[in-house]
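Features as listed in TrEMBL:
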ACT_SITE  S76  active site, nucleophile
DOMAIN    12-317  domain 'Tryptophan synthase beta chain-like PALP'
MOD_RES   K49  N6-(pyridoxal phosphate)lysine
Amino acid sequence: MNKIRYERRRYTAGPTPIEKLERLSQVLGGPTISIKRDDQLGLTVGGNKTRKLEYLVADALRQGADTLITCGAVQSNHCRLTLAAAVREGLKCQLVLTEPVDGYNPQANGNHLLFHLLGVEKIEVIPAGGDTQPVMEKLAQELADQGRKAYLIPVGGSNEVGSLGYMACAEEIEQQSWESGTVYDYVVTASGSAGTQAGLLAGFLARQSDIKVIGVNVSRDRAAQEAKVLDLFASTAEMIGLRGEIRPESVRCDDRFVGPGYAIPTEEMIEAVKLVAQTEGILLDPVYSGKAMAGLIGMIREGRFANENHVLFLHTGGSPALYTVPQLFIPERS
Ligand SMILES: Cc1ncc(COP(=O)(O)O)c(C=O)c1O
């Protein structure tokens with residue numbers, strides 16, 4: 001592999017911890033489970049986007065941009081963290097948000113408060129299912145007309161540059177595994193815009209690691225998600241000159257825990273979020289890590305792992321979204 005020459009900003013001091021989930025492992029009675037606490041990454045209630053932004057923002061600064069423009073759902077962790085990274089770097093930030101199907105109610109949404117508290121320059125809300133790209137391009141053109149320079153970041157920060165953040169994470173996991181003398185057989189992660197899973201696959205391949213990565217889908221069906229991960233893996237590998245092939249069967253995505261659709265709660269997610277809170281005191285989120293943990297629990301119950309396996313669950317963050325759905329977790333008569 002060519003030496004990676006990509007610049008990186010740093011938003012977290014040191015590696016995120018890996019903790020053994022002894023009580024959860026005992027309750028589930030299967031493999032040993034540990035958790036990689038990427039919910040403790042830096043910026044404003046950090047999560048997996050923080051790692052991608054370290055490379056994306058470095059690229060924006062290198063190109064002389066003064067404004068970051070990105071897009072996502074109303075409750076997007078990626079939008080909140082892009083704005084936080086912009087604040088940290090003294091850049092402006094504009095956001096294009098897609099309205100939920102039941103309409104955008106700013107009062108019912110914690111991110112709206114944070115967007116304004118962090119000083120967002122502009123928010124454009126477009127109808128559910130709308131195409132954000134032309135709106136981002138229009139905003140960039142308006143800035144160019146004023147002599148400013150925008151840097152566009154795709155949904156979820158998932159392009160080749162963003163994926164470098166999870167290549168770096170794979171390296172961090174390998175280093176922690178080496179230092180602690182612990183061999184992880186699997187990493188289980190939520191898989192959405194695919195940068196996390198694609199970056200991990202590229203990073204483990206670069207280290208010639210045997211760790212298998214299982215993505216738990218949060219929106220698409222299996223074939224579509226596996227194709228998305230494989231595409232992004234391939235373009236990232238090409239960008240950095242990564243040698244070595246990945247077998248298509250190494251890209252594993254499980255779509256059985258999505259439920260009725262993206263961000264729509266499921267019984268399994270509610271059970272998973274409660275179980276991890278009540279056995280380990282760790283907060284997951286209802287859209288990503290809650291469904292990913294529901295996937296891990298489901299796979300353990302169906303005997304997917306051997307008892308001597310060690311599974312590393314990647315906590316990708318997102319817990320602020322919990323506070324938008326208290327009704328899912330508070331018993332009716334409390
Ligand atoms: C908290 C959280 N976890 C997981 C994901 C999914 O990661 P990726 O989009 O890289 O597949 C996201 C993406 O928005 C996220 O916000």
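Just so you know, glycine gets a Cβ as well, placed from its N, Cα and C.
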Nearest-integer angstrom distance between the alpha carbons (Cα) of the residue listed as 'N6-(pyridoxal phosphate)lysine' and S76 (active site, nucleophile): 10
Fewest other Cβ within 10 angstroms of its own Cβ, chosen from the recorded positions K49, S76: S76
Secondary structure at K49 (N6-(pyridoxal phosphate)lysine), reduced by DSSP to three states: helix
